[in-house]
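Student: Questions regarding the structure given below will be posed in turn.
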Amino acid sequence: MSKANKWQHLKIPFEQIEVATENFTTFIGKGGYGLVFKGKLVVSRKVTMVAVKRLNEQFGQGLKEFMTEVQLLSGQQHPNLVSLVGYCDEGIEKSIVYEYAERGSLDQDIKSSNILIDENWVGKISDLGLSKLSVSGFGMSLLVSHGCGTRGYCEPEYFTTGVVSKKSDIYSFGVVLFEVLCGRLCLIDSDDGFSLSGISAKQYYKNNTLDKIIDRSLREHMGSNSMTKFSEIAYRCLHDDREQRPAMDVVVKELEEALKYERMAQTVLLHGTLQATIYEVDKLHVSGGGGNIFKKIRGGFGKGTPKIYATIDLEKARVGRTRIIEYEPKNPRWYESFHIYCAHSASNVIFTVKDDNPIGATLIGQAYVPVDELLNDRNWACGVKSDKYRGVPHTFFAQRQGCRVSLYQDAHVPDNFIPKIPLTGGKYYEPHRCWEDIFDAITNAKHFIYITGWSVYTQISLIRDSRRPNPGGDVMLGDLLKNKASEGVKILMLVWDDRKSVALLKRDGLMATHDEDTENFFQGTDVHCILCPRKPDERKISTMFTHHQKIVVVDSKMPSGGSQNRRVVSFVGGIDLCDERYDSPFHSLFRTLDTVHHDDFHQPNFTDASIAKGGPREPWHDIHSRLEGPVAWDVLFSFEQRWRKQGGGNDILVNFRELDIMIPPSPVMYPDDSETWNVQDAYIHAIRRAKNFIYIENQYFLGSSYAWNFDDVKGEDVGALHLIPKELSLKIVSKIEAGEKFTVYVVVPMWPEGIPESASVQAILDWQRRTMEMTYKDIVQALEAQGRVEDPRDYLTFFCLGNREVKISGEYEPSESPEPDTDYMKAQEARRFMIYVHAKMMIVDDEYIIVGSANINQRSMDGARDSEIAMGAYQPYHLSTREPARGQVYGFRMALWYEHIGMLDEAFQHPESTECVKKVNQIADKYWDLYASEYLEHDLPGHLLRYPIGVASEGDVTELPGTEFFPDTKARVLGAKSDYLPPILTS
């Protein structure tokens, strides 16, 4: 049997290669073997870009070298070796098919033209050179009987002795290093008449005159330390004595050190707002060269209509992209402006032009703009200075004045939840009741009710507190909406279409949103219910992302009453009108199973959980808001825009011009009223203006992956590039450097909803751990730079919520039991479970609050994944200026802390203080110990638990001793990276 038969599975018919290369049309390189062509080949049912090396023996290499390379590459897998796709051996037609390296070569044996660069800028050796002469020759010297290799790259003694070894490759690599350093190709005359070679490079180095032959553009961007280190390594590789040349592992280690010097010299924290406009590419030349904008064009166009677009990157973080321009290959014009929030360490702002392909994109050219200095906004860390504050720039809806905001903690607050929280002016904070207010708003609407939701379930009741009866409160939501429609009220609903909820598979879908049930319930009625899939762009499947907005917009009576005129009232936040959302600040696990939660039992974290098998149920903590005044009309306009796009067009929407009784947007509060509010949305803007503290409750905390530093994962591959976690750590760092105190409190769920051991939940926890570690490392480094030894948890501290109840008489008794030794049974016996944090809220300095549907993850913050809505608000008469703010935002935070901690304390009035954060951490540590203990004699005194992680001296996030897994589970607290789930689904 011939040697070729050993690799039959790799053989590709010549006819197939002809088709793949369009009869060898696109030439991309040549060498001692022949020519290389670009093509598209179907591999494992996927179209793959390939490079085809076609052997031509007249170029000097023959069958022996050909088969040796096939043998070598078929048995090797390495990130820095080009991958073998297959080969052709039909008569005189001999070709080797490799993966295609998108970015081309640096320019047989090791030389720059054989080092290819893939789309991630990873170098790959594409020709094994002298090593091909013998597979068994690794690790020993080898006598070569005929000349092979390229002069200039081969050590001089090889051409006289014919003996090669591993140190011969070190010499070749040294030549490549000087090529890279000088920006010149070996033995190619430059414009100045100089021809680079190993001998000439050594001479310039010894004479200390390398500066004369280094490319000027490279010299301008290289630090002196890194240049010295780099050239010294290259020189040692060219040593005349083979034994004096360093081993490759030593070379790699020293190059990494040189790279470290370079990064230290060039990388600058670009923290602020980048205003960039991409106008056009001037005189774009397909064949190479450049115009007035781009310094260098690398590559060119393939066949077909050019589809040109441009991007903006801060190192590896993509921060901007234009639309695609077709049919303009010479002078594409975009005239697109970008308002980019930056919190990136970068040496350059990189502008790239590409040609979009069915698979990937072809690089056309790049331009680098150096980052020379850190620019700080003069209004950072000043908070909301006065009622003249103009709000967040570049928002679609402008800031509104004269508004009223009501804030809700959970769907319901019972009468016996009475935190006595004093406010300015002798007032006390009064909690509001979300679902009661929504019920009243729907019941009293006369003209329209508009609803959007991730989920809307018809079989729930909004009124459930027997101590607060409401006429008609026992009606189900679906029937309530039908009744209002029969009265002539226009009811329009936009509900996310969970495309996985198809009748033949599973009606509930993956998310159990009841979308099909809701649509069927309203069919044939006067309620217009539209199921809307999420379509971020043509390339994303509609099942991947969601419509996540939760709003209700109604017409309402005027605040003064008596008049026939009507106004607009809107509700915005995190609470969907669906099952599983009704809860109170007490968050009982077992004691409401025979009352308000008997027909609304929710426990998705255990397999086969049901009311028949008993608790613990999963308690639900959430935050919502009611908006009145001009801002309520903005929410209305937002709904109308969505309806025109995915609903029934303009015909069904209420025509407000025909409603003479509708009052146009107008203030509901007088300017001198101390309870007036201003409203808009923005996280980054608020963080940058924060002075003293930030308090966050959110369903997720992951992102800023561009700033992660882990060997096993690349942050840019994860794609969770939004800035919020990095902005928080940079805010803390800036305060440490200024010698000021600043504290960030973050409350998240114990784990994302779902089976905690599942791959998806563990993957999200892994991203969360990496995000936390990135922030803590920033803080620790800042403290060390100031010579301070402090607990980083005094600056940034994470919590989760949980409850644990002892059994009392008269409790609901389930008729069945969970399976033995399951998480479900363990939690039931321990009588504990997490309180699921679904809130999406941030409070800054007790003066500014953001409430909405957006999570702190890439799905919500991306802008092209899940659709979201949020509002930001402050009270001009209750700002944190000379005295701490003591308005409704302060009262709401204190009410939340009372709910979570179970007590009020004077220290809680100053969250930025060391006394406060240490006290809160101490309480949370105690509550976690009680929650995780084997037995508990009394109810847990509060719900705020330390998130069960430790922080090591260098900022590494670790397990708490004895807490590898969450209680009652085998789910790792720190999570685990998934090898098969794409990050786009879990980030």
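Heads up, residue numbers simply count up from 1 along the chain you see.
Cβ atoms here come from the backbone N, Cα and C positions, even for glycine.
In TrEMBL, annotation is done automatically, which means it is predicted and not curated.
Positions annotated as domain 'Protein kinase' by TrEMBL: 22-259. Annotated ATP binding site per TrEMBL: Lys53, in sequence order. The domain 'C2' annotation in TrEMBL covers 251-385. Residues or ranges marked as domain 'PLD phosphodiesterase' in TrEMBL: 543-581, 833-860.
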Student: Can you tell me which parts of the same chain pack against the domain 'PLD phosphodiesterase' (833-860), counting only residues 6+ beyond its ends and a CB-CB cutoff under 8 A?
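Tutor: Contacts of the domain 'PLD phosphodiesterase' (833-860) (Cβ under 8 Å, skipping residues fewer than 6 from its ends): 383-384, 407, 454, 545, 548-550, 572-575, 587, 589, 605, 615-625, 681-683, 686-687, 689-703, 719-722, 724-725, 747-751, 753, 800-803, 827, 866, 868-875, 878-880, 884-887, 889-890, 892-893, 911, 943, 987.
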Student: Applying a 10 Å Cβ distance cut-off over all chains shown, what neighbour count does Lys53 (ATP binding site) have?
Tutor: 22
Student: So what's the mean pLDDT when you look at the domain 'PLD phosphodiesterase' (833-860)?
Tutor: 89
Student: For the domain 'PLD phosphodiesterase' (833-860), jot down how many residues DSSP puts in helix, in strand and in coil.
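Tutor: Secondary-structure breakdown of the domain 'PLD phosphodiesterase' (833-860): 3 helix, 15 strand, 10 coil.
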Student: Can you tell me whether DSSP puts Lys53 (ATP binding site) in helix, strand or coil?
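Tutor: Assignment for Lys53 (ATP binding site) reads strand.
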